[in-house]
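Annotation source Swiss-Prot lists Mg(2+) 1 binding site at D14, E52, D74. Feature annotation from Swiss-Prot assigns Mg(2+) 2 binding site to D14, D133; the stated evidence is sequence analysis. According to Swiss-Prot, the feature domain 'RNase H type-1' maps to 5-141.
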Amino acid sequence: MQKQARKQITLYSDGSSLGNPGPGGYGGILEYKGSRKEYFGGEEETTNNRMELRGVIEGLKLLKEPCDVEVVSDSSYVVKAINEWLESWIRRDFKKVKNVDLWKAYIEAAAPHHVHGTWVRGHDGHPENERCDELARNEAERIKASL
């Protein structure tokens with residue numbers, strides 16, 4: 001019996017916080033074979049790093065089956081954690097790690113998938129990153145206006 005190949009998904013994500021901490025938003029795009037799904041959300045009191053990470057978590061939660069996922073982000077915090085730091089954080093039981101609640105949520109959301117992070121320079125003309133930034137900023141502004 002031949003094992004079926006996993007779908008290759010690209011997850012673009014960005015986060016924004018007005019005040020850091022302050023109202024914040026995240027925006028993301030899931031891409032598969034040319035199809036795109038945008039998503040966004042936010043919180044009343046948060047930081048940019050929390051929103052960067054929430055954007056990835058929420059995107060992973062939208063996937064309905066195990067996939068190979070490339071996370072594309074302008075957050076070196078998120079990309080380096082995914083690719084380099086997370087295993088040692090787990091071994092050290094997250095001692096001295098910020099946003100432990102979200103990293104544990106990330107681990108749960110990422111568990112069925114193979115996830116790798118790719119860093120892109122922010123505000124550098126990368127269309128998907130620019131769109132995610134727009135979604136995140138719009139959500140942060142919407143939340144700020146509602147307070």
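Heads up, the Cβ atoms here are built off N, Cα and C, so glycines get one too.
What Swiss-Prot annotates, mapped onto the structure for a quick look.
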residue: D14; record: Mg(2+) 1 binding site; Cβ neighbours (10 Å): 32
residue: E52; record: Mg(2+) 1 binding site; Cβ neighbours (10 Å): 28
residue: D74; record: Mg(2+) 1 binding site; Cβ neighbours (10 Å): 22
residue: D133; record: Mg(2+) 2 binding site; Cβ neighbours (10 Å): 21
When distances run from the Cα of D133 (Mg(2+) 2 binding site) to each of the binding-site residues D14, E52, D74, the nearest one: D14
Three-state composition of the domain 'RNase H type-1' (5-141), taking helix and strand from DSSP: 57 helix, 47 strand, 33 coil
CB-centroid shell, 8 A cutoff, Mg(2+) 1 site D14, E52, D74, site residues removed: S13, G15, N48, G55, S73, S75, V78, G122, N129, C132, D133, A136
